Amino acid sequence: MVNTAVHHVRLQINTHSQKHTHIHLLVSLYTCLTGLTWEVRANSRPYHKHKQKKSFLCFHWGRYAVSHYKYSPLTFLPLTLFEQFQRVANLYFLLMVVLQCVPVISSIPWYITIIPLLSVLSARGLKDLANDLVRPPITLCICISITFLRSPLSFNFVFSFSSQADILLLCSSEPHSLCYVETADIDGETNLKYRQALSATHNELTSHPTEEAVSFYVTGVVLCEEPNNRLYTFRGQLHWRRECLLLDHEHILLRGTVLRNTEFAYGLTIYTGADTKILRNCGKLRVKRTQTEKVFNRLVMGIVLSVLLAALLLAIGSGVFSSWVMSNTGVLSALVVNGNPAYTGFLIFWSYIILLSPAMFELIHTVHSLFIGWDMEMYWQPADRPAQARNTSMSEELGQVGYLLSDKTGTLTQNRLLFRQCCIAGEIYGNNKLKPSLIFYIKKHFFLRGQQCPLSRQFLTALALCHTVMAEWKEEAPVYQAASPDEEALVGAARELGWVFLSRTRDFIVVSELGVTRQYQLLALLDFTSQRRCMSVLVREPEGGLKLYCKGADIVILERLQKDCPYQERIERSLELFAQACLRTLCVAVRSVPEASWEQWSKTLAQSAAMATCDRDVLLEKLYDQMERDLQLLGVTAIEDRLQEGVPETIALLKQAGLKVWVLTGDKKETAVNIGYSCKLLDPDTRLLEWHELRLDHFISILVFDGVLLQAEFDQRPEWGATFMSLAEQCQSVLCCRVTPGQKADIVTLVRKHTSSVTMSIGDGANDVNMIKTAHVGVGIAGVEGGQAVQNADFALSQFRFLQRLLLVHGRWSYRRISLFLRYFLFKTCGFALVHIWFGIFNGCSAQSLYETWFIALYTVFYTATPIMLVAFFEQDVSAESSLKWPELYKSGQRQELSSPLMLSLSLLYAVYASLVLFFIPFGVFYDTAVDYQTMAVTVAMAATFTATIEIVLVTRYWTKFNIASVCVSVVLFFICTRITHNPRLFQKSPQDYLFLGTLTHLSAWHFIPVT
Amino acid sequence: GEINKTDQHQYYNEWIFGLEKGSKRIAAMMATSYNAKEEDGHHSGASSHGAAGVVKSKKPDNTAFKQQRLPAWQPILTAGTVLPAFFVIGLIFIPIGIGLYVSSNNIKEFEIDYTGVDISNPCYSCAKNFSWNSTTPCVCSMNFTLEQPFESNVFMYYGLSNFYQNHRRYVKSRDDSQLNGDQSALKNPSKECEPYRTSDGLPIAPCGAIANSLFNDTLELYHIDSNNTRNTIPLVKKGIAWWTDKHVKFRNPGENLTAAFQGTNKPVNWRKPVYELDPSDPDNNGFINEDFIVWMRTAALPTFRKLYRIIQKKSNTTPTLPSGKYVLEITYNYPVLSFDGRKRMILSTISWMGGKNPFLGIAYITVGSICFFLGVVLLIIHHKYDTRSNSADIPN
């Protein structure tokens, strides 16, 4: 652990992620700007020791096996307590306990109040602990790191298979100090990537490969950003031998990456322990709150307010009683205490309403989540992957979804890409009609017609060169590892056609062109970003010429073409043709770059890359623009992405269920519309409304619009959002094309802002993460594109069609169960507690409890908890099959019919009514009789228990054996516990054994009143 | 199929790359690996997890519990089940209510207020001139007439109104350990007893506000027979407390009461110490005095009655209390006028359901009738509007 004491101004760092930058440049010292405040000195233990004293972060020094767990045995208790008391309910309850500990105002013993609190706290604490213990990938790393740490830590050098700190790569065993890594633990992507050392350190260190030498030679200082959570950026400088070398994320091995195919690697640790980027990323999940929870919280607030009001009135009553009655009553006058705080006693009973509900909520949610994971119908055999509820506290939100915003690629489609057709120099190869072994068809065509054409050769060279695929050799054949399936498909297609990509190093790409191995020198790689939507490579051909190969979205490429490019019209026509056939298209273009302009360009690039400020990205983009111009269009590739199984049926079903389905895609409008038709999102009979028609006041059903236009419109007129949404609300479905990830999130925000419905986003790729995080409920499809979407999602599915079951079955059930639970819970606790207000009128507002102390403690936990919990676990109004058969049933959840404030208020009123009955019927019976307080307490307690039980019997519509058992057990438990607490031997001191013969007959009368 | 396909691919590859020499083998191998992957359908998951799947598949168990297919009884509320339920409830409740009401009405009860609020009341002067310090007890007598004879055992109650025995501070102001005969608690009573914990430096036994406010009026009942002579009616003072209270909850601290209560003081309002409550009967003296025990069992509501004495039935032929004139003689010790309270004497017979209280019967009848009425209304609605189909009246 290394740290500078100086924490100056933290520089705002531009977060544009630079994914595959290949720029390693030497920059002189004076360009190194400040703002990089984190300083690491290689092999300088005294320096760091000195610094240690100043920063507690240095605590981790020398302890590489920093636990990835949130809790340690020591910190668990304080941390979990701190977290839990952030909940208002718990805090309120703690306050109650504290008040109860003050003898003057306590109405029931403090230990009885603390039992429920402790159970709440321990239940939640244990759940957190369990969640913490189940963090598999990280645990794995810890073991490995302990075993493989080799070198003394004082050197700051680590030699390991799995890096435990964020490490600056200095050199490795591979040529050019490339270092193959797997980042599955970080982003879930299993393909190989590479990291690369600076050529300066590589050259120096590979000539002295021993460890001693390494530690001897390295005496550099690294200046870099303060620890942050941005996984894909790193900015820093290595000051070494009077040179200032720029560092970016290509040089960094993040904690959790695993080295592959690399014998050894030397590095300099930059961040360790809690400062590593992955740890900074952990635990930052935004806490999502469900609608029901919000309603409930509001209700609790209302209850607290009315409690305060009631307490105030009762306090006044108590005061009046003290001064008027008690002082005149000889026997009571001596008991008048100054400022009798009777109302505080009152609050206790109210605390039981809020009490336990969070803990029970947690438990119910957890069980619902388990059911989701256990569902066989949502298990995807080929990948051995069941559905997963990653956020265990959202299940009932699934029953209320009004808007489904879906990504297209990989979500609706399989994202298993097949190279279907291509158009080279205006000639279309391949035929979409032919299904199997299509590539051979292309091949035949190609060899018959196009082989001699130089454009075709260039086209294929471009496919073989312009990508970021890694080739891994297995059994004498390369296996391609690509971050995006498009690239894999294209490189694979090029290989099929004879242009075999063999390997890549830092500076060279080796390709076998029809059997002739050619080595291209890689000069620059202008990487792909979702903003740029294209990528290029600048290579020097073996013959010496400079070529820029570029591929990208048609709209980007077409505007960068040189004037009067041959075949342009024909290619554009084929583009349309491909789009209509639902194929994904990419344009491929080439440009010969004059040597002079390259030299100039590279110089500027070096300068701007050296700039450490946020302008850098803008400048780089401008530079890239300069290079990617005057392109010559070679052709178009068309890749098919097949629809997933069951997608049309699912969409149709969800639309029947009243969901508004929006598809947000980066594709062209034609492609999107075609996909929309094929997946039944769009109905052939309905009318498509496009952007320019929006202003007309037509009755419309489907809205199709373009993200670019939308963005422009919103920038001009922000108030337009509401208008747009009111229009969109009338539409069956909305199709947004050409949207960027940022816009996807913006659209979700727009929907959230202008409707009260619950929004759900579903996506599979890193570009959907933003949208998934923004929506109320985020669903990640665990597909081909790595695990980022799943990691940020609340639910993970393997197939889009599982969504129907997740929403219509699990969501609907869960919502119903939670609502039933909530309403019953309100009823039972309020009915139970309100009795005290009525009793207060008849005991001088003195907060005397109508129940015995033990009953209060046991009522919520033992007598009434299990039956409603089981209802909340098992209740089904209709079976899963019927839920899917009648999707209209889902609509009640969207309208929040079961958990609306009105329904909850009705439950409250019902509770008031029950409490009136509970108190005033015994009151009438016992008025002016010889019946004493204890008998009345037991009678009312029994009545309350029976009322709660009968109510649950009426609520339950799905009687499993567990339900029946729990109802019986609860009632029996009541009698047993009452008997035990009244045992004379057990309790010589307090309430004794007594008979309540006769009371039993009274009871049945008033249960049936609340019931009917 | 797999092998055939691969062969086919190889054939094509050889055909295509036959022209080129050298890299044929490599190209063919690469091509096959690619195509196999492409045509396979689902590649990544199946291939990478296939090996792991042998060890442990993540496939969920197909159990009724996990698949939420537990066998269950799903009652559906229809008119066919709800309407009979209403009628049955009504039909059960109304007879019970009538039974309760009738038996309550058969109970004979007589009540007389002797607080002495009115000037006409014989106890007016006693009430007015009450003082804690007076040594001579004030006695007043009230005449009353029983219209009907009381047949079985008669229970004599005293009733208090507007007396908040259920006030929180009052209820807590006692020490159960002391009352249970605990020696240490006798000498050092609980803090809850304050301010009736000690007096003159000595601990109070029994401590607390409840004990201090013990009801200490003495009631005596005389029957005036036809000869105008006053016959004392024997009042049994034992058997009025709960058995468990008398034998479990309340115990004297020792056999010799005077010695046992040495070093304690009597409650402030009491005229005599606890060991002189009933000197004649050691089984009814000290903490186990039944009047005391009855008082210590606090009432639930501000208007209450407590059992005072029992008048035993003498023989089967004569009623316990024949109709006629009676005199109630009160030794007036207990002031209630200051807090606008009332004192009453109640004579009552009891039945299987306790004392006279028509409320429960009325409540049952009301509930039963409402159920019945609702049943009828629903039936009418059902017949009138349910002409379409049976599925329409599934609630919820």
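Glycine too: its Cβ is placed from the backbone N, Cα and C atoms.
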TrEMBL records A:Asp407, A:Lys408, A:Thr409, A:Glu487, A:Lys551, A:Arg584, A:Thr665, A:Gly666, A:Asp667, A:Arg738, A:Lys744, A:Asn767, A:Asp768 as ATP-binding residues. Which of A:Phe508, A:Phe528, A:Phe724 is assigned to the same site? A:Phe528
Considering the binding-site residues A:Arg738, A:Asp764, which residue's Cβ sits among the greatest number of other Cβ atoms within 10 Å? A:Asp764
Among the binding-site residues A:Thr409, A:Asn767, point out the residue whose Cβ has the most other Cβ atoms within 10 Å, with all shown protein chains included in the count. A:Thr409
Mapped DSSP class for A:Asp768 (Mg(2+) binding site), helix or strand or coil: helix
Could you state the CA-to-CA distance between A:Gly666 (ATP binding site) and A:Asp764 (Mg(2+) binding site) to the nearest Å? 14
Find the one among the binding-site residues A:Arg584, A:Arg738, A:Asn767 whose C-alpha lies closest to that of A:Asp407 (Mg(2+) binding site). A:Asn767
Same-chain residues at least 6 apart in sequence whose Cβ lies under 8 Å from A:Asp768 (Mg(2+) binding site): A:Asp407, A:Thr411, A:Pro741, A:Lys744, A:Ser761, A:Ile762, A:Gly780, A:Ala789
Could you check what DSSP calls A:Asp407 (Mg(2+) binding site) once collapsed to helix, strand or coil? strand
Around A:Arg584 (ATP binding site), how many other C-beta atoms are within 10 angstroms of its C-beta? 22
Integer Å value for the Cα distance linking A:Asp764 (Mg(2+) binding site) with A:Phe528 (ATP binding site) is 19
Between A:Phe528 (ATP binding site) and A:Thr409 (Mg(2+) binding site), what is the CA-CA distance rounded to a whole number of Å? 17
